Amino acid sequence: LMEAESFKEQGNAYYIKKDYSEAFEYYTKAIDMCPKNASYYGNRAATLMMLSRHRDALEDAQQAVRLDDTFMKGHLREGKCHLSLGNAMAARRCFRKVLELEPDNSQAQQEVKNADSVLEYEKMAEIGFEKRDFRMVVFCMDRALESASACHRFKVLKAECLAMLGRYPEAQSVASDILRMDSTNGDALYVRGLCLYYEDCIDKAVQFFVQALRMAPDHEKARLACRNAKALKAKKEDGNKAFKEGNFDEAYQLYSEALTIDPNNIKTNAKLFCNRGTVGSKLKKLDQAIEDCTKAIKLDETYIKAYLRRAQCYMDKEEYEEAVRDYEKVYQTEKTKEHKHLLKNAQLELKKSKRKDYYKVLGVDKNATEDEIKKAYRKRALMHHPDRHSSASAEVQKEEEKKFKEVGEAFTVLSDPKKKSRYDSGQDLEDDAGNMGDFDANNIFKAFFGGGGGQGYTFEASGPGNFFFQFG
């Protein structure tokens, strides 16, 4: 007995020096010599708690109070172990027992409050989870973990909610911490899988779900996630295959079906929306394609490909302001040569769209031949010639004169191959030659219709509003 006491004293000395491993060795020697002494178990329980071995500490504390039911410190330590492990109900019973033995024990009074607040946070978290208020759950679990630092259940719930909030690195690190201490924890394996699944690493995710189910065969969430992951991957691949083979209607259908599988998988769904948008643009459904790209961006703000696809659709619709906005966003995010080129091109198209459209003025297509341009000029110049409107009101005369000038301006540019190519490429904008200076529409008209002093053409009125043209 003397020897056991001396082992205990040595253990105490190490404990005071915070050398808990050595203290543990000596308390164990004391227990081996004298296995019926409650205080030895109590001391070793305290040491194990300092070593964060809460389960082992709990066993020692329970053994201590089994040997001596009036051992106040034993009940207190048992309660603290229960609380650290997240068993707040059991913890409360132990602290109540302490207060029966010692009604004024302030430590036990405080611990009862701690246990009560853990129970309260658990209840709030449960309600939060049902309402899908995952931020609330994370908040509650952080509070609860202040008292229940070794509770895997709370940590896993927190990790799962972090994953649901898209905070994958944090969720991964919490789950990995648990797996370091307990490699068979099915919940932690499930959360790791969930993070990978939500980050669109579907094959890896499935491996974790399968492992989780091996550890906990009735893990419903893991089973469902596993099924969703496999279904999502298969549908997406079928859609991609149909797209590559040029079966756009089928691809559109498959991507739409894939989007119904799991609304929680933000990243994969963003890709699916973008893919469906690409199909939409191939099917010339530009508005639908833009809408799908917008949905993809809503799910993933950083999704460059969706911005690029949407910008291209805006370009095709000649909505250049929107295209420029998207290309600017892309270029700010990734300053590559190609992105710069796309942005510059959209800015140029926007500038071009704001200047006079000479093709529109002449009423011809952008790919019109020289001949068509001449014909169009002939028709429009005669239609808007001031002589033809000499008897109209001043307002109409002014309007027609303006149109006559525009037609002349348009013809001057589009009938000259050099000017036309500069106009088409937008080069005329670069060096501000957009203003035609002091050109004279009448001179162009005369040059076109040939002849000079009066013998070229005359406008004659035959009755109000009817004209016929006579060419000399």
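Placement of Cβ uses the backbone N, Cα and C atoms for every residue, glycine included.
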I'm validating the feature mapping. Which of 237-276, 317-356 is tagged coiled coil in TrEMBL?
317-356
Chain residues in Cβ proximity to the repeat 'TPR' (270-303) (below 8 Å; excluding those fewer than six residues from its ends, i.e. six or more beyond):
200, 236, 239-240, 243, 248-249, 251-252, 255-256, 258-259, 309-310, 312-314, 316-317, 333
Hey, would you say the repeat 'TPR' (232-265) packs against the repeat 'TPR' (304-337), going by three or more CB pairs under 8 A that are 6+ residues apart?
no
Within the same chain, where does the repeat 'TPR' (186-219) have neighbours whose Cβ lies under 8 angstroms from its own Cβ atoms, ignoring anything closer than 6 residues to its ends? I mean 6 or more beyond.
152-153, 156, 159-160, 163, 166, 168, 171-172, 174-176, 178-179, 225-226, 228-230, 232-233, 264-268, 271
Pop the mean pLDDT for the repeat 'TPR' (4-37) in here, whole number is fine.
96
